[in-house]
Amino acid sequence: MLPQIPFLLLVSLNLVHGVFYAERYQMPTGIKGPLPNTKTQFFIPYTIKSKGIAVRGEQGTPGPPGPAGPRGHPGPSGPPGKPGYGSPGLQGEPGLPGPPGPSAVGKPGVPGLPGKPGERGPYGPKGDVGPAGLPGPRGPPGPPGIPGPAGISVPGKPGQQGPTGAPGPRGFPGEKGAPGVPGMNGQKGEMGYGAPGRPGERGLPGPQGPTGPSGPPGVGKRGENGVPGQPGIKGDRGFPGEMGPIGPPGPQGPPGERGPEGIGKPGAAGAPGQPGIPGTKGLPGAPGIAGPPGPPGFGKPGLPGLKGERGPAGLPGGPGAKGEQGPAGLPGKPGLTGPPGNMGPQGPKGIPGSHGLPGPKGETGPAGPAGYPGAKGERGSPGSDGKPGYPGKPGLDGPKGNPGLPGPKGDPGVGGPPGLPGPVGPAGAKGMPGHNGEAGPRGAPGIPGTRGPIGPPGIPGFPGSKGDPGSPGPPGPAGIATKGLNGPTGPPGPPGPRGHSGEPGLPGPPGPPGPPGQAVMPEGFIKAGQRPSLSGTPLVSANQGVTGMPVSAFTVILSKAYPAIGTPIPFDKILYNRQQHYDPRTGIFTCQIPGIYYFSYHVHVKGTHVWVGLYKNGTPVMYTYDEYTKGYLDQASGSAIIDLTENDQVWLQLPNAESNGLYSSEYVHSSFSGFLVAPM
């Protein structure tokens with residue numbers, strides 16, 4: 001019986017296919033009106049609205065009608081006919097449903113849309129404690145909490161000095177302070193090297209001395225020059241001259257010793273500093289005190305599910321939406337201490353409770369991470385004086401900055417944020433024990449109300465006993481370094497020791513002229529314009545004067561401007577050089593007669609600054625510097641008295657290539673002179 005089922009299915013399929021083919025593909029075209037009903041064909045009458053031309057094929061020769069044969073298999077489809085012209089007909093009625101096709105494995109369909117989330121099921125039994133997960137990334141900082149009530153201010157022992165913070169931005173220059181007490185005169189430093197500053201203005205003239213008595217007129221010949229006398233006694237210090245122009249800043253000196261700590265009023269609170277570099281993650285803190293149980297949640301209790309087997313630890317998923325709080329479960333076993341979580345926002349202030357019993361003193365916990373500074377709290381009651389702290393190590397002296405211009409006094413700045421919270425103080429005094437009330441029946445859970453206003457601060461408790469000093473807290477963020485207001489001037493110190501004698505003052509002005517003396521003509525006096533008599537006077541040589549003293553002198557002029565740097569300046573135009581002790585080719589004067597010489601020079605400055613030096617045997621004796629003013633022709637000069645021995649050499653030289661504006665021309669002369677004052 002079973003093998004005949006496929007045969008019957010094939011026969012039924014062939015019958016259906018043949019009937020369908022006869023009705024669809026053997027329907028005549030181009031016929032209007034009702035068609036005859038036959039047993040073999042059934043045509044549905046329809047109306048053709050198109051007025052197009054019906055295309056018909058060529059009519060063949062009609063054959064004799066043969067007997068009806070059995071239905072054969074459907075032949076292959078013929079070639080497509082010529083395209084017809086006409087409007088599309090009306091949509092036909094739906095055909096009969098075909099037989100069910102053979103079952104086959106289809107392609108997977110497009111995944112459907114996610115269904116609606118079902119209702120939350122009941123809480124299953126508490127699972128086993130899973131392995132400690134990796135700490136998640138640090139969340140963003142929460143909003144600043146509402147400042148709490150002012151605590152009892154108890155000064156603790158000062159902690160150790162923290163590390164030096166990063167230097168803040170440069171503050172505005174403060175007001176000029178009062179001049180300090182002059183210090184002791186330091187030792188004379190070594191000779192510095194630098195461009196000489198401008199000469200200061202001439203000081204005030206000294207007091208006029210009394211007029212001396214006029215001496216009797218002397219009679220006699222002029223004597224020879226005497227030996228130079230001993231240097232005079234150091235005169236009294238003159239009045240200080242007016243302050244000269246400010247010279248260029250000198251090189252930075254070494255940092256001075258730390259002065260004594262001053263006593264001044266605390267400056268106004270500076271602006272809040274820039275946030276410091278985030279510190280490293282601290283050690284995990286001790287577990288906190290368990291908070292009060294939250295309000296009961298609202299949820300439909302579901303059927304308790306069966307406890308499933310523990311599956312493998314999956315990857316940490318993303319944070320889901322916050323669900324409603326379920327009923328309080330049974331307390332489980334204490335799990336392992338996890339890493340400290342991020343600090344949540346501060347909750348609303350609760351109603352102040354009654355004073356509880358003082359708990360035992362806990363151990364000092366590790367320092368927690370620095371919290372965000374809260375708003376400035378109310379001022380607490382003054383605490384007892386703490387023990388004096390250990391003096392901190394003196395910091396390094398910073399480099400001396402350039403003096404800034406005194407700025408206007410600014411308005412007092414906004415109060416800065418309070419510092420980090422101090423360590424937890426000791427417990428207060430034991431309060432009065434309260435009466436335990438009777439436990440009332442548990443009411444139905446109410447709808448959580450809106451957040452109420454912040455309550456007033458509670459009554460401060462009695463100050464407790466002074467606790468042990470806590471561990472030093474982490475260093476706070478670096479604040480903006482601002483200079484505080486100048487403190488009041490302290491009392492004058494004791495008089496210092498007598499200072500060193502000052503430098504001699506400037507010479508005073510000349511005194512009034514004395515009475516005229518009597519004119520007495522000495523023997524051998526020669527009037528102006530009168531030629532001396534040569535009778536009895538010996539002839540003199542080029543190296544010897546009239547009196548028989550040796551002579552050595554010269555005056556030369558520079559004919560070309562801007563001489564070479566680092567070599568003697570060759571003054572090549574000679575006004576006087578009879579002894580030939582000066583060489584115009586090299587610009588060097590060579591001493592032939594040992595003695596005391598006087599040298600002077602006068603130069604012009606054009607184009608840039610000039611710095612000229614007088615050298616003796618390659619060593620500079622003195623310098624002259626002139627700062628050039630654009631559009632002007634400046635002058636500079638110098639002179640010196642030098643003792644020379646035989647074969648000593650003296651010359652002028654430009655030591656610096658940046659200050660070489662020595663100028664000389666045909667009508668603007670720069671000169672160099674020297675002569676023997678006294679032989680030795």
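One-based numbering along the chain as shown.
Positions of Cβ are set from backbone N, Cα and C atoms, glycine also.
Under the heading Ca(2+) 1 binding site, Swiss-Prot lists Asp626, Glu627, Leu633, Asp634, citing experimental evidence as support. Residues annotated as Ca(2+) 2 binding site in Swiss-Prot: Asp634. As annotated by Swiss-Prot, compositional bias 'Pro residues' applies to 137-147, 207-216, 506-516. Residues or ranges marked as compositional bias 'Low complexity' in Swiss-Prot: 149-169, 268-289, 324-340, 366-403, 426-453. Taken from Swiss-Prot, the feature compositional bias 'Gly residues' covers 314-323. As annotated by Swiss-Prot, domain 'C1q' applies to 547-680, with the evidence given as sequence analysis. The region 'Nonhelical region (NC2)' feature in Swiss-Prot is assigned to 19-56. Per Swiss-Prot, the feature region 'Disordered' maps to 55-523. What Swiss-Prot lists as region 'Triple-helical region' is 57-519. The feature region 'Nonhelical region (NC1)' is assigned by Swiss-Prot to 520-680. Positions annotated as signal peptide by Swiss-Prot: 1-18.
Other Cβ atoms within 10 Å of the Cβ of Asp626 (Ca(2+) 1 binding site), summed over all protein chains shown, number 21. For Asp634 (Ca(2+) 1 binding site), the number of other Cβ atoms no farther than 10 Å from its own Cβ, over all displayed protein chains, is 16.
There are 16 other CB atoms within 10 A of the CB of Glu627 (Ca(2+) 1 binding site), with all protein chains counted. Residues His604, Val605, Lys606, His609, Val610, Tyr628, Thr629, Tyr632, Gln635, Ala636, Gly661 surround the recorded Ca(2+) 1 site, their Cβ atoms falling within 8 Å of the Cβ centroid of Asp626, Glu627, Leu633, Asp634, which are themselves excluded. Helix, strand and coil counts under DSSP for the domain 'C1q' (547-680) come to 0 helix, 77 strand, 57 coil. Shown in sequence order, His604, Val605, Lys606, Tyr663, Val668 are the residues of the chain, 6+ apart in sequence, with a C-beta less than 8 angstroms from the C-beta of Leu633 (Ca(2+) 1 binding site). Looking at the region 'Nonhelical region (NC2)' (19-56) alone, the prediction's average pLDDT is 46.
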